[in-house]
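*Asks:* Here you go, one structure.
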Amino acid sequence: MISRFQIAYKNLLRKKMRTLLTLVGIMLSSWVLVSLLGFNRGYENALNRDIDNMGYQLMVMAKGCPYEAATMMLQGGTGLRYIARSMVDSIVDKPEVDRVTPILMQAFFDPNKGDGGGIAGYYGVDPATFPAMKPFLRFRQGGWFRDAQAAEAVMGYEAAELEQREVGDMILVPEKNVQLKVVGILERSGTQDDGTIFCPLKTLQGIAATDKITTIGIKVKKGADSAKLENALYQLPDVQVVSFTQVKQTIMKLIATARVMVLSIAIIALLIAMVGVVNTVLMSVLERMQEIGIMKTMGAMPGDIFRLVWTETLILCTCGGIAGIGLAFAFARLSDLLVRRVLPYAPGGNLVAIDMRLALLTMAVIVGVGLMSGIYPAWRAGRVRPLESIRREG
Amino acid sequence: MLLCLVLAAPVPAAVNCELNNPVNDVTRLFPESTSFKTAYFSFATRGGEPLLRKVESRLGGAPSLYAPLNVPYTLYEIYKGKKQIGYIHGVNQKGQFGVLEVFVSLDMAGTIRAFYIQRMAGQWARKFTSPRFGRQFVGLSIRDFERYDTVGGRGTGRVAAIENPAPEAATDFFGLLRAVKKNLVLMDEFFYSAER
């Protein structure tokens, strides 16, 4: 016995080109929809990962204009604003704080770098707290410092490549002419750590002749109220707080406008595809009035005709949806590249994250909206009066 | 925030050796030049692995931090009017405290016209970047360096006579000589041998 699906399938094949064009419309809208949903999720995941990879979500530094400080450093490494090491103690006891690490950033002028000289930047980090803050860093060679006051350095991947350094080689801190032994070279991480030269905090303090620090990195406890902690930190004298959560929110706001526009386009594409579905199925129904009339005279109930026509919609939406989702999977990498070209800031990793769960969700949306679109043509078909339709067609 | 970004911005990877300021540097290294063109070449496009092995063999077979086969080398072709009068080419070489970026300008016969250290770390760098040290390389060619032993640091003739201005920096001195030989061998393999 021939099934309802077989009849619906054959009906769709009667007008192949019309069916194909409708399928293409559904396929494209599914592609756009699943890619957009994948982007929403992928971008947020990637941004969160980037911020987690910073190792800390909050940074405390001395009050002052960062532009001015940057300019001063570029002109010769002077004029940095420092904070006292004791500031760490006043932060670490706060209930929202998970971990704290003190950092000293120093820039030294290297007259032998290029024609007019250049700046070499060093990060003094605490061997007891900094590596634990960044457990995701992997070493290509060697490891962290063995001693809190060792004359040693760990180089980011690109810094080592640029200077052609390997573990065991020496580097020379410009201006101060202090030699440091390279004890570790990091794997490429895709972050700013790649271009950084780390050395023990106390070593760098000794080189720079200061007992102060420039920055405190703070990792907030999971689920803790970051805003409350920020407010508490602002009460500390002469410091400013840079929150990566704020940075993240700012970036998310920046892309929100673009996301709304793309979402609107996706909805419009979906609507156009569904109008196509209505058109295809309705035309098919109108062309088959006589046939539907005959089916009714043979005992088919309005519900049977409704289900038959609705099945055509279901087949169209399912096939188009599967093809669109397949394309989204196949071209996810290309979509990723295109998105990267237009975004003001693109974090590392996959920006368009599509998985089976998302694919099934999109499929449900496409089929759901498609079936709703098919209600009217199916209803029209179901209420055909058999004798009238046979007489009219005759 | 900006401060962090300025300090922590990733530095460009050491993929090849380019002049920092080509317009000024070319004029300084080739005063009679009127224009130059920048060209790129790599082992991947000009002989691949066998050629790389040959170059390494000419350099004494010592292990060195060579760039991968597909990394492009930058070459400056120097013109006076429409006539090409020479080349400027630089290489990276491992030094005692960091990379050495060493350029030579060559006439069309492969003879060194000028020697230029673009980058070198160490308190004695000024002794090596002085004109006096650089002048010792002028007039030398691959023929002079052919018998220079880059591993033992021994040479003959004019190469052997090159004076180290900073005896405490022997590693850098031999690194510079190795850089010049590497530079000349690369130019010989890629251009002068092909033109002969």
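Note: Cβ is positioned from N, Cα and C throughout, glycine not excepted.
Copying in the features that TrEMBL gives for the protein in this structure:
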- A:19-233: domain 'MacB-like periplasmic core' (DOMAIN)
- A:20-39: transmembrane segment (TRANSMEM)
- A:260-286: transmembrane segment (TRANSMEM)
- A:264-383: domain 'ABC3 transporter permease C-terminal' (DOMAIN)
- A:307-332: transmembrane segment (TRANSMEM)
- A:358-379: transmembrane segment (TRANSMEM)
*Asks:* Near the transmembrane segment (A:307-332), which residues from the same chain, at least 6 beyond its ends, have a CB less than 8 A from one of its CBs?
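*Replies:* Here the qualifying positions are 4-5, 7-9, 11-12, 19, 22-35, 38, 273, 277, 280-281, 284-285, 350, 352, 354, 359, 362-363, 366-367, 369-371, 373-375, 377-378, 381-382.
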*Asks:* Need one number: mean pLDDT over the domain 'MacB-like periplasmic core' (A:19-233).
*Replies:* 84
*Asks:* Would you list the DSSP helix, strand and coil counts for the residues of the domain 'ABC3 transporter permease C-terminal' (A:264-383)?
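*Replies:* So the domain 'ABC3 transporter permease C-terminal' (A:264-383) is made up of 99 helix, 0 strand, 21 coil.
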